[in-house]
Structure formats: structure tokens, C-alpha cells
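Asks: Under the heading coiled coil, TrEMBL lists B:50-127. Feature annotation from TrEMBL assigns transmembrane segment to B:407-430, B:451-470, B:538-556, B:568-593, B:605-623, B:643-660, B:767-791.
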Amino acid sequence: MGAAILPVLVFTVLWGGVGIILPFLVPKGPNRGVLQVILMLTGACCWLFWLCCYMCQMNPLIGPIIQSHVALVMQQEWGGGPATNAQSA
Amino acid sequence: MSLFRSEEMALCQLFLQSEAAYACVSELGELGLAQFRDLNPFVNAFQRKFVNEVRRCDEMERKLRYLEKEIKKDGIPMLDSGENVEAPQPREMIDLEATFEKLENELREVNQNAEALKRNYLELTELKHILRKTQVFFDEREIHDVDESLTANLIEDQYVGTQMMNLAAKQGHLGFVAGVILRERIPPFERMLWRACRGNVFLRQAEIDTPLEDPTTSDQVYKSVFIIFFQGDQLKIRVKKICEGFRATLYPCPETPNDRREMAVGVMTRIEDLNTVLSQTQDHRHRVLVAAAKSIKIWFTKVRKIKAIYHTLNLFNLDVTQKCLIAECWVPVSDLEAIHLALRRGTERSGSSVPPILNRMETREVPPTYFRLNKFTKGFQMLIDAYGVGTYREANPAPYAIITFPFLFAVMFGDFGHGLIMTLFALWMVMNEKPLIAKKSTSEIWNIFFGGRYIILLMGFFSMYTGLIYNDFFSKSLNLFGSQWFVPQKSMYIFKEKDVMLDPKNAYANSPYPIGLDPVWQVADNKINFLNAYKMKVSIIIGVCHMIFGVMMSLWNHMFFRKKINILCDFVPQIIFMTFIFFYLVLLVFHKWVAYYATGDDEGLGPHCAPSILITFINMVLFKNGEKIGECEPYMYGGQQGFQKFLVVIAVLCIPWMLAGKPYLIYKYRQLQHQQFTNVSTAGLTEESDQVQMANGAAAPSGDHEENEKMEDIVIHQAIHTIEYVLGCVSNTASYLRLWALSLAHAQLSEVLWGMVLRLGLQSGSWFGGVFLFMIFAAWACLTLAILVLMEGLSAFLHTLRLHWVEFQNKFYQGAGYPFSPFSFDTILETAQNVEE
């Protein structure tokens, strides 16, 4: 349970880059201030929205209820999951 | 920093030499950076100095409009080079007037001639038709003469009259009248004749096939030729009167065939002559109009500029010596240099030796609000201005709305497919910006969409992102990274049940789906339960962040205006109230996500023990103690009870602080001032200070409100402010739940549309299924566009607008300013053109 390092790192670096690093690289001009605000807010909003979605799935308290024929298809199409693979190995 | 706060403005006094005034104002109009104030507000428009000039300009404009109308009538394209012509010198006005006068007279004369010729032509054509048609009638009569005996046996209605005529002709003089009448008047005309003459006249008529042109209105009208036979003079008078009454034109028609033939030949030659003359007149008219069409747009621009200049000069004051004009204008401080340059250019152009004087004035009046906008920021500023134009120099919400507006919209509209459609539409508008602007559409709805093209573009981008996070693509999920939920191999027994709940303990991989919601939820029966919990929490988190951002903006405002008292008594308690109660709620949400899990060994942290955040929050505010149920702790961490009590107590204490802090400090400050004042006045200046006080009171009636406000007003104002804020925090937080409600509604609606419409097409097999799917897809696509993208988009847009105007801006934005409307030729010409169209 918990977070995987890779997606958290990738997304934090991505939106952190947009929100923190890019504002420094905005060329000088009359619109510099506005562009910086735009980049910072974009980074913050997008990161927060992704984070909420990620965190709310981190520790699921309920599981999806699916119909058994859907479950059958799921098992065939998406596989039995890493746990069973590990067990069979 | 121009978009963050409005430009600093200065009130300037301008002294212009009378000769140079015109040129200087013209230069300022080209520049478009000065807003002139009316210095004679009580002078009637007809008593101003340059009334005559304005009137002359009006007259010129009228002539130009007449010309333009004639040009449009002939369908001659008007050359619009789009080049900017400078306002002509005042002396050029006479030339222009003479040109227009000449053109107008020429045109009127030509038109008059053409009309007379056309009338003539019409008469001749009508006569021609009469001669041609009546010939048929007369021929008929001769035939009847011949075989009268035959027709006598076959008496039919139509021939009764003919026979009667023939009888009459034998008896002696049978008169007739021939003429032309509008076709639709024939039936009443016939009825009238029958009744008035008691059936003693006989009317024959024939339709003229080709429409004739009415010379006065130049409409195409259909007419008929008629001929009336009658006997006796009395009937003749009566018939003629009826013809007159029905506006029929009568033409002389000779009785004998030879005369008629001669006349017809004469008419034909005259028509031909007329045709040549007419075409020559038309050619002349055309030549005149083509020449005028080349420069009419330039003339319009010139005249409108002259008129605008004189209108502006009418706002000025004349100084005592009549040698110079005094003007007052608002000017952006950073543009003073450009204004100076423009004035100097104007002076040089007019050849005046005395330079104009520009003085910055001290004033207590509130300057206008001015933002330097570009095509991108304009749309967003308009959203803000629709609520209220910002107070002078206060923080402008527009630069933040550029992102937060599309983002909040997208939270409600989140669907990758719908976002894609929106993005493509906006991209098309942005890419074809120039040709679309050049088209100058008059459709209001189109102009609204086009004006907001950059807003729509950003809304589309963000909708695509949130759609990715919600994992909705036309209500279907993408399984890009592989679902983290699976059906374990060993649990085949589950298929005995109708449906099955995947247990997080053994059917879930260790980490969540990397981007957005796991696709498994799309097929789950308890999808709504899960989405509700998620979206509700997200909307609270976003809402609280948005509101805290608004409160921080108020801090920035107070710092800018150097109002320490507001920071101390408004901002600090406000932010404490907000964070201690509502941001704490957000933290609880995050804590619950992290702390409770299904697979742990600790039973106290299992899923059935996870407390409801809402109940916890209500208990916190009501000071209720939670109870332990079984092995589940009511609290989420140690010491929560005490900490929550502390938070609530401090937050509640903030309310009296907000309520009384500011009035008390102002009261103290005034007392202190009063003491100092009385100390000074007791030193022996009592009378003088009274006078000074009176003078001050008279001089600054519109001055600082805050210093003159009565104590009671301050208290009441502060009370309202406090109540608004405290209640607002609760209701606004609840108001952000619309993010959840609308996004849920959108997702459900698109799912229903897929399930009810497109699925029908996907289910039917064989070749017929393909055809059926083709039609079903069209229906689904139309409904998706009309309802999901357009209507839902509109509703989400309006809710976003409300969240910005009310929930965000009431934390810091006053919006009590008035816009800067500089004297600018560009805007004047543009509005004139729009009015014209």
C-alpha cells in the first residue's frame, strides 16, 4: 500500500518545473509578470488536482463492485494481477 | 505590472494656443491616451464655441451617407484601404465641403433626369403593350363580325359582351378607353366597373408578361393592359373616374387599324431613342459613383475625425484673453512623455510659435481605472469588468482568473473528448483570427464566442487535463497504464455470485493508477459512491485554497494602500478564522487518505474504523466528544480533541476581534488627534483655527471618506463586514460543492447518452448494423455537441463565473471604479462603423 516513487516524482517534477523553474525563464518584457503568474498557477492547480486523485486511491477503503461476467472478462483481458504471477512463480 | 493594478493616472491641465489647439487635439486623438473632462458641464450643447463647425461636419456626413447609399444601390465595391488618414487641417474643410456639395448636386440632378426619363420610358412601354394587346381585341371583334351567325348559336358568357358591342357598333358610336393597371387591382376594378355602370360596360384585359420598373421606387411591378368598351358620354365620364380612382393610366388609342399601326411604329422609335439616352445617363451616374467609391471611406474617416476634434474642443474652457484654450485631462503617468511629444508635433504642424503647457494638477478626485490589455488578456478583463470596474489601483483579479477560471470550469466540465472538441473549435478561431476579424460579423452570439476565443481555448486545454484525471473520454475510460485492480486467479468461486466486490486486500496492486482514476471504476456498480467521496473532497480542497488565495490578495491590497489597521484588524483575524477551521478540514481530508488502509494489521486503522470527516468536523465545531465504538478510536490522531477545541476557541475569538478592533482603534486615534488639536487651539489661536476648519470643510467636500465618516457608520460598516465574512466562509465553502455536483452531472449525462443512444448502434449486427450505426452515430454526435459541449459548457461557465465573482472576489475586490475612456480616433471610428452596420 502507498505511493509508488516513480509517478509521484515524475508529476511533481513536471508541474514543479512548470510552476517554479519556467517562471524564471520567461523573457523580459511587459508581459513577464502575467506570464509568471500564469505558469505558477498552472503548475499549482494541475499538481494539486493530480495529487488529490492519486492520494484518494492510495489506500482504498472500498473496492469496486463488478458484475461477474465483467470480472471474467477483466480476468482474461487484464490478467490475474501481479500477485498471482508472483505466486505461480 | 500593468495588469496587476490599474495604471497610475494624473490629472493634467493643458493650455493650448487657439491656433494650435486643433492640431494638438488631433495628435492626441491619434495617440488615444488622454481622457478630457467637460469644463463647461452647464453649457447647453448649442451654446458652445464650435457648434458651427460641428454642424458643418454633420452636414458633410449626411451628404456622404447619401453618396454611400447610392453607391450601395448600384452595387459598386467601396475601396477600403484601411490606411489611417490624418485629420485634415481646418482650412481643408472648405474644400471637402465643396467637393461633397458638387458631388451631391451632380448626383441629384442625374437621378432626377434618370427618373424623368424612366417615367417617360415606362409610359412608352405601357403604350406599346396597349397597342399590341388591344390589337388582339380588335382583331377578335372583326372575326366576330364575320361569323356572327355562328356565335349567335353558341351563346357563352364571354361572347355576350362582344355581341352587345357589335350590336352597339352597328347602331352607332361605341366608345372605348384603354389603359394599364396594377395586376392585383384588376378584380376590385372589374367589380367596381360592373356595379357602377350596371353591367353596361365591357372590360377586356390581358397581362403584360414582363415586369415593369416603377421609376419612383424602382421596384419591379406586374401590370395588366385593359380596354373598356361602353356606350354614351355619361358612361365615359363614369368609367374615366373609376380608372382615376384605381390609379390606372389611360392612353389614347386610335380607332382605325392604320392609325394604330402608325402610332406603334412611332412609339418603337421613340423607345429606342430613349434607351440610348437612358443608358448614357446611367453611364454618367455610374462614372460619378465609381469615382466617389474610391475615396468615400477616406472621406468618412476625415469628416469623423474633424467632428471628433471639434466635439473635444467644445469641452475646453476659453481663457479670459480669448487667446488660449484650457483643457483638463486624465493621463497615464507613464505616458506623459508621449503626450508631450504629441503636443510638440501638433504645435509644429500648426506653425504656432508658443508651445503648449502641460501642468500636472493635485486633485482629491478618484482617477479612472486603466489597464493596458492585449488580445489575450482582454477577454479575461471583460469577465471581471462585467462584475464591476476595479477601484483605482486596487488588485486586479484578472491575471489570476486567466488560469483559475478555466481550471474551475474544467473541474466541472472534465471530459477529455468534450475538452478536445472545445479546444479544436477555439484553436480554429485563434488560427484564423485575422480573416475572421476582417469579416466583421454582426451576429451577436458569434461575436461573444469569438471575443472569448482565448478563454475557450484555455478552458478546452484544462478540460482535457481534468478529463484525463477523471479518466473520462466521452464517458469511457482509457486503460493507458494498466488497471491496478485485478480479479485474482484463485477466486473462481466468485463467479457463482451475481456480482462481486474486489477486496482491496488481495485484488489491488500496491500503488495507485499513475494518472487519474483507475479505469476499473468505470465498470464498477459502486462507481458513484466512490466518485462522490472523491469529488466532494476535491471540491472542498480547491474551494478552500481558492478562498485563502482571495484573503491573501486582500493582504496585498492593504500593504499597497499602507493600511496597517486593516491588516491588523481585518486580514489577521480573517486568515486565522479561515485556516483554523476550514484549512484544518482540508488537512483532515489528506490525513484520512494517508492514515487509513484496508490491508494493515492494526484493526483500529481498518476501513470500518475510518471516521466520517463531515461528522468529525461537525463535532469539532459543536464541541461534542466522540465515542469509542468497539475497537475504533473516534479520533484520527492523538490529542485531536484538545487541539480541535483550541482551534475553535481561537477562531471564535477572531469574530469579536474583527468586530470591535477597527472601530476601537479609529476611536482612539481620533481622540488623540482631538487632544492635540485642542492643545494647539488653547494656545491662543481659537478663532483662526475655527476659520481654518471651516475652510477645510468647504474645500474638500469629496475628499477622504474615511476621515469624515461618523463613528456609528464605522461601527455598522464593520459589523456588516464581519458578519458577511464569517457567514460567507461557511456558505462559500458549501458553494464550492457545485464543483462536485456539476462534474458528477456532466459525467452522468454523457454516460447516459452513450448508454441510451450510441450503444443501440453498437449492438446490432450484420450489414444492417453498419448502416444503423452510421445514423445512430450522427444522432449521438449532435446530442453530444448540443447538450454536452454547448449547454453543459454554458452552465459550467456560469457557475465558474459565480465562483469568481462571489466566492473569490468578495474577499478582496471592491470594484467601485470607473473605466478610463480616452479620446481616441480608433475607438470613435470603430463605433461609428458599428452603428452604420
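Heads up, the Cβ atoms here are built off N, Cα and C, so glycines get one too.
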Asks: Please report, as numbers and ranges, the same-chain residues at least 6 past the borders of the transmembrane segment (B:643-660) whose CB is under 8 Å from any CB of it.
Replies: 569-570, 573-574, 576-577, 580-581, 584, 620-621, 623, 718-719, 721-722, 725-726
Asks: Please give the sequence-distant neighbours of the transmembrane segment (B:451-470): residues at least 6 beyond its ends with Cβ less than 8 Å from one of its Cβ atoms.
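Replies: Distant contacts of the transmembrane segment (B:451-470): 375-376, 378-380, 382-383, 402-403, 405-407, 409-411, 413-427, 429-430, 433, 515-517, 743, 747, 793, 797.
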Asks: Same chain, outside the transmembrane segment (B:407-430) by at least 6, Cβ under 8 Å from its Cβ: which residues?
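Replies: The answer is 436, 449-450, 453-454, 456-457, 459-470, 472-475, 478, 538-539, 542, 546, 738-739, 742-743, 746-747, 750, 784-785, 788-789, 792-793, 796-797, 799-800, 803-804.
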Asks: In the same chain, who gets a Cβ under 8 Å from the transmembrane segment (B:538-556) while lying at least 6 residues past its ends?
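Replies: For the transmembrane segment (B:538-556), the nonlocal Cβ contacts are 395, 397, 400, 404, 408, 411, 567, 570-571, 574-575, 578-579, 582-583, 585-586, 589, 729, 732-733, 735-740, 803, 807-813.
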Asks: In this predicted model, what is the average pLDDT of the coiled coil (B:50-127)?
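Replies: The answer is 87, the mean pLDDT of the model over that range.
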